[in-house]
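Working notes, structure below.
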Amino acid sequence: MTFPVVGMVGGGQLARMTHEAGIPLGIRFRILSDTAQDSAAQVAADVTVGDYRDLDTLRAFAQGCDVITFDHEHVPTEHLRALEADGVAVRPGPDALVHAQDKGVMRAKLAEIGVPCPRNRIVADPADVTRFAAETAGYPLVLKTVRGGYDGKGVWFVRAEADAADAFRAGVPVLAEEKVDFVRELAANVVRSPHGQAVAYPVVESVQVDGVCDTMIAPAPGLSEALSAQAQRLALTVAAELGVVGHLAVELFETADGRILVNELAMRPHNSGHWTMDGAATSQFANHLRAVLDLPLGDPRPRAPWTVMANVLGGDYPDMYAGYLHCMARDPGLKIHMYGKDVKPGRKVGHVTTYGDDLPDVRERARHAADYLRGTIDE
Ligand code: ADP
């Protein structure tokens, strides 16, 4: 028995942080990256630069890997099936992953297993959107392309039939959903192994700004024990029913009348789990690796009563390192994670984490550091 090789498709920050988690375990890590400059490609020793949409490239990459996993969900399902037919261990496998690739498939499956979702159906054209509006709560409503969206791209808030045309331009099937009047967004994150062992992290509050995840608070403040347990159970059920292997993020809406509805699934490490790197006994990345290798999973419990993660977005000020002196001097407990990405306005280039006993203080420290590094405040 030698140390296994884990191959990750995608060279973004999720691959970079998964690689980091594998180092203390001696796990060998191979990356299929779009370019040699991608976040993970900069720091890993074994990098293949190639196109994940090309089956021959995937096949060559998989040679010598004990298992293949992903930092994004864009690999065509049929390629994953071909790899499995070659005998490659693909985790999560294509039958699970398709639910994170195609929102239509995901909605149909969640309905089948009785998981609460916003009312939805596939719509054919703008006139059909109006029929859907009449069947449900009317306009405004939400249209989503079933494939290819991320960070709010591929999502349209539509007030009238005349606004609906944009969603159909890509030629991808369109899902209509009632617009949920939620009080906040939550994420229930779990990790499941092929053995069927699973762990659940505390449910977090996910604060979104302009369709992009901004801040995570763990655990979600004021969430009742009953709703928290319900959300964790729901995520564990989804992981088991869909046969997920690895980390599963279930993005949820909490409604004013105390219900939770599933918005979205991600079957890989996820932004809503970054807080676990510093704030939990075992990070999402370490547990994702354990799961895909079918090792026993690590303790998901938090280290402190409160952990806050704030994304660092690029601003107008390109030199993030210049901010380290001030941030580190101000807050010795601050944890900074930078992804090696060029600073561009609005781009996620890193995150910061703080933890402690006093939520307002923990939040203020994370917010301050994220804003200071971005350059939106200067003291
Ligand atoms: P993406 O795949 O790009 O992350 P999501 O489906 O998560 O897209 O939608 C992005 C954001 O749009 C969500 O975080 C939420 O704020 C909002 N949103 C999505 N669906 C609905 C809905 N049915 N009702 C209200 N808001 C929604």
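Each residue, glycine too, has its Cβ placed from N, Cα and C.
Quick caveat, the model's predicted, so the values are computed rather than measured.
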* **Site co-member for ATP according to TrEMBL, given Lys144, Glu177, Glu178, Lys179, Val180, Glu185, Asn263, Glu264, out of Lys103, Lys109, Lys153** => Lys103
* Structure fact -> Among binding-site residues Lys103, Glu177, Glu264, close to ligand 1 by Cβ (under 6 Å) are Glu177, Glu264
* To do: Output the one of Lys103, Lys179 that, of all these binding-site residues, has the highest number of other Cβ atoms within 10 Å of its Cβ.
  => Lys103
* So what sits near Glu177 (ATP binding site) in its own chain, CB-to-CB under 8 Å and at least six residues off in sequence? -> Pro118, Arg119, Asn120, Leu141, Val142, Leu143, Lys144
* Provide the three-state secondary structure of Lys103 (ATP binding site) computed with DSSP. => helix
* **Cβ neighbour count within 10 Å of Glu185 (ATP binding site)** => 20
* Structure fact -> Taking all protein chains shown into account, the Cβ-based neighbour count within 10 Å for Glu264 (ATP binding site) is 18
* Helix, strand or coil: which one is Glu264 (ATP binding site) in, per DSSP? -> strand
